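According to TrEMBL, the feature transmembrane segment maps to A:7-29. For A:137-164, A:471-538, the entry in TrEMBL reads coiled coil. Residues annotated as domain 'DNA topoisomerase I eukaryotic-type' in TrEMBL: A:187-564. According to TrEMBL, the active site, O-(3'-phospho-DNA)-tyrosine intermediate annotation covers A:TYR550.
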Amino acid sequence: CCQIRQLDVLLLDCIFVIFTVIMEMIYLLDSRWEEERYTDGVKWKFLEHKGPVFAPAYEPIPSHVKFYYDGKHMKLSPEAEEVATFFAKMLDHEYTTKDIFRKNFFKDWRKEMTSEERAKITDLKKCDFTEMSEYFKAQSEARKAMSKEEKQKIKEENERILQQYGFCIMDNHKERIANFRIEPPGLFRGRGDHPKMGMLKRRIRPQDIIINCSKDSKVPEPPPGTKWKEVRHDNKVTWLVSWTENIQGSIKYIMLNPSSRIKGEKDWQKYETARRLKKCVDRIRAQYREDWKSKEMRIRQRAVALYFIDKLALRAGNEKEEGETADTVGCCSLRVEHIKLYPENEGQEYVVEFDFLGKDSIRYYNRVPVEKRVFKNLQLFMENKEPDDDLFDRLNTSILNKHLQELMDGLTAKVFRTYNASITLQQQLKELTTAEENIPAKILSYNRANRAVAILCNHQRAPPKTFEKSMQNLQSKIDAKRDQLADAKRELKSAKADAKVRKDEKSKKAVESKKKAVQRIEEQLMKLEVQATDREENKQIALGTSKLNYLDPRISVAWCKKWGIPVEKIYNKTQREKFAWAIDMAEEDYEF
DNA sequence: ACCGACACTTAGTACACTTTTT
DNA sequence: AAAAAGTGTACTAAGTGTCGGT
């Protein structure tokens, strides 16, 4: 009987183990990044969602809030009033003082006016929006001063909308949608010197919207009494909703969150391409160095541009339509005026000075010594040209990328940025991390490695408005901690002296506890100092962009595992969700 | 070769929310 | 409890790169 029972237990155990193994296999199969990949451009088989959330309808302002033209009160039509409120809300911003902004705004505003209004309102300078502006300021104050319950209510409502519209089903998985809210109307704010700043960004209606979902899904309902522009079933694209925006005429999309399978896989693929570049980058470098000597101008230009893209992590630099956007450039679109050549500069030979506005009108300024051949080539390219002529007149991104494609499957200019960013992180981590350091110091090292990449990629930010002040605060904290440490040391000394005389248990214990206190304070001081260094070095540098878009997350995960750093210290919750695939797959010995 | 349409990634900022300090 | 500081997220502009037509 007993034996049988034992057998029974064994059997049960066995079944349990088998069950667990099967479940694990199912889990592995189900694990999104292990799933079978589609071929020939198919992105999904099933897609169902609830459509977009539209911007709330315009709420007219109360009649006691007045608008004045030329000092006289004027009641605006709802259409004109709405556009006026957009301007009023930006009154404190320096945009509204800019000529182009005002001109564009006024032109578009007049289009929304009734003919009577248009006849009357002919000069923006005579418009007085201050009451409107005050009203909105008061509104936002009131919102801040709301009671806990009211705030809670709003939060719950937001949560409800998120639950209803913020998710979709794509191929057996419920996925988070990135931007399910339609962009509200307002005044366009470009970055930098944008020729279209101040133009009216139209309100998007259901009849502007294209819905994309699978045929066998429940098609989202348009709001009562409205129709979608189109419902299509295109599984070769990843977007759920699209519309055409009226400023540039470009298409906007609603797509999935970075945590989704479809984005995660693409991200992984991107880093795998960069790793393939690692294997052949020596060959490619040797090749472009050869090409500097080519007898063909176009090949020399291609080779010098590629050298910049590789060495300086410049962007490709597509052509842009003149007058449609801010005047910014990348590598292939550099103009003569953007570089200066110094045969000798501060003891270095063949120095090139770059000074241009890149993406988002962020200034790129750099002085770099280059090889003699590059320098001579640049002199050649600049011969007989005006400052606003193209530096690489025989080159564009399409020519460059076609060439790259021949050197390696899937290679384009942007892969170099990914490759150089990731390899730099890996190298810097190796160089900067030392075994003896404690965790905060190791994290400082990580941030420094991250920073090296951000500098390479020129990821800048406006120094935070409160930077100086918060730096001062931190410094005074450090000073206070130093005093505290001195005190603690003094106390320890006297406790030691005391213990020497008394030689009893109690005084010995006192020494021990004082020792501990000193140690603790030392640690705290160290942490503060590390923090101060980190912050100072970070003043104008944004780490987030490279962390999110250029650094193979497996490098960071491996580093965490190697040094026993919890991954939460490096990635916050959102980042961990985005990089779930990497956290899942990277081991301590992962090499990019 | 060139162009426009399209799809998708990369980017900085404003502000909401959370945590720490006073 | 209020204020200040710090962090995270939403937002949406601005890039890159491909494709199909001419």
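The backbone N, Cα and C atoms fix where each Cβ goes, glycine too.
Within its own chain, the coiled coil (A:137-164) is flanked in space by residues 50, 53, which lie at least six positions past its ends and keep a Cβ under 8 Å from the stretch.
Here A:TYR550 (active site, O-(3'-phospho-DNA)-tyrosine intermediate) comes close to A:ARG417, A:THR418, A:ALA421, A:SER422, A:VAL453, A:CYS457: these same-chain residues lie at least six apart in sequence, with C-beta atoms under 8 angstroms from its C-beta. According to DSSP, A:TYR550 (active site, O-(3'-phospho-DNA)-tyrosine intermediate) sits in a coil region rather than a helix or strand.
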